[in-house]
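Peer 1: Mind having a look at this structure? Questions to follow.
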Amino acid sequence: MVNPTVFFDISADGEPLGRVSFELFADKVPKTAENFRALSTGEKGFGYKGSSFHRIIPGFMCQGGDFTRHNGTGGRSIYGEKFEDENFILKHTGPGILSMANAGPNTNGSQFFICTAKTEWLDGKHVVFGKVKEGMNIVEAMERFGSRNGKTSKKITISDCGQL
């Protein structure tokens, strides 16, 4: 089985920054990968298109995926509001790792983050399910609009997304 690839076209205050593509590790975390894939295509009638990265901390990560409240308190999975931690096989080994944001054990919804550094303290707490395939330079460009408290200086949005 070939792991799926999805893309995000990223904008800053409506100006295109470029495309980031992700390999989703469906071979290791099929349920988590399928959630992200389906939210990227919007095939269930809801998903990431038009949503923003509400929290960007340079040297740490870019967090997005709250397409219901747009502030980090919302989002939902394709399985219902929340779903369980599938496993912690994969680790936060460095920049480009794609992992699920959560509010404690078994609270995965749609929020995710892209690591911009090694974040091993998140191992065993957040489910890693993919990695940046192409466009890490775009993630680095997004990072420049972040701050230490996570507030962004420009609105960083997913203007388009889907499966490749």
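Cβ from N, Cα, C; glycine included.
Here's the feature list from Swiss-Prot:
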type: MOD_RES; residues: Met1; note: N-acetylmethionine
type: MOD_RES; residues: Val2; note: N-acetylvaline
type: DOMAIN; residues: 7-163; note: domain 'PPIase cyclophilin-type'
type: CROSSLNK; residues: Lys28; note: ubiquitin cross-link
type: MOD_RES; residues: Lys28; note: N6-acetyllysine
type: MOD_RES; residues: Lys44; note: N6-acetyllysine
type: MOD_RES; residues: Lys82; note: N6-acetyllysine
type: CARBOHYD; residues: Asn108; note: N-linked glycosylation site
type: MOD_RES; residues: Lys125; note: N6-acetyllysine
type: MOD_RES; residues: Lys131; note: N6-acetyllysine
type: MOD_RES; residues: Lys133; note: N6-acetyllysine
Peer 1: Roughly how many Å separate the Cα of Val2 (N-acetylvaline) from that of Lys131 (N6-acetyllysine), to the nearest whole number?
Peer 2: 14
Peer 1: Between Lys82 (N6-acetyllysine) and Lys131 (N6-acetyllysine), what C-alpha distance do you get in Å?
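Peer 2: Lys82 (N6-acetyllysine) and Lys131 (N6-acetyllysine) have their Cα atoms 22 Å apart.
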Peer 1: Taking only the Cα atoms, work out how far Lys131 (N6-acetyllysine) lies from Lys28 (ubiquitin cross-link), in Å, as a whole number.
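Peer 2: Approximately 13 Å lies between the Cα of Lys131 (N6-acetyllysine) and that of Lys28 (ubiquitin cross-link).
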Peer 1: Out of Lys44, Lys82, Lys131, Lys133, which has the highest number of nearby Cβ atoms, where nearby means within 10 Å of its Cβ, if these are the modified residues?
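Peer 2: The residue with the densest Cβ neighbourhood is Lys131.
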Peer 1: Per DSSP, to which secondary structure element type does the residue listed as 'N-acetylmethionine' belong, with helix, strand and coil as the options?
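Peer 2: DSSP call for the residue listed as 'N-acetylmethionine': coil, neither helix nor strand.
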Peer 1: Spatially, and counting Cα to Cα, which of the recorded positions is closest to Lys28 (ubiquitin cross-link)? Options: Met1, Lys44, Asn108, Lys125, Lys133.
Peer 2: Met1
Peer 1: Going by Cα-Cα distance, pick out whichever of the recorded positions Met1, Lys44, Asn108, Lys133 is nearest to Lys125 (N6-acetyllysine).
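Peer 2: So, of the listed recorded positions, the one sitting closest to Lys125 (N6-acetyllysine) is Asn108.
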Peer 1: Any idea what the Cα distance is from Lys133 (N6-acetyllysine) over to Lys44 (N6-acetyllysine), rounded to a whole Å?
Peer 2: 25
Peer 1: Can you give me the same-chain residues 6 or more apart in sequence from the residue listed as 'N-linked glycosylation site' with a CB-CB distance under 8 Å?
Peer 2: Thr32, Asn35, Ser77, Lys82, Phe83, Glu84, Asp85, Met100, Asn102, Val127
Peer 1: According to DSSP, which of helix, strand or coil covers Lys131 (N6-acetyllysine)?
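Peer 2: DSSP assigns Lys131 (N6-acetyllysine) to strand.
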Peer 1: I'd like to know which of these recorded positions, Lys28, Lys125, is least surrounded, judged by other CB atoms within 10 A.
Peer 2: Lys125
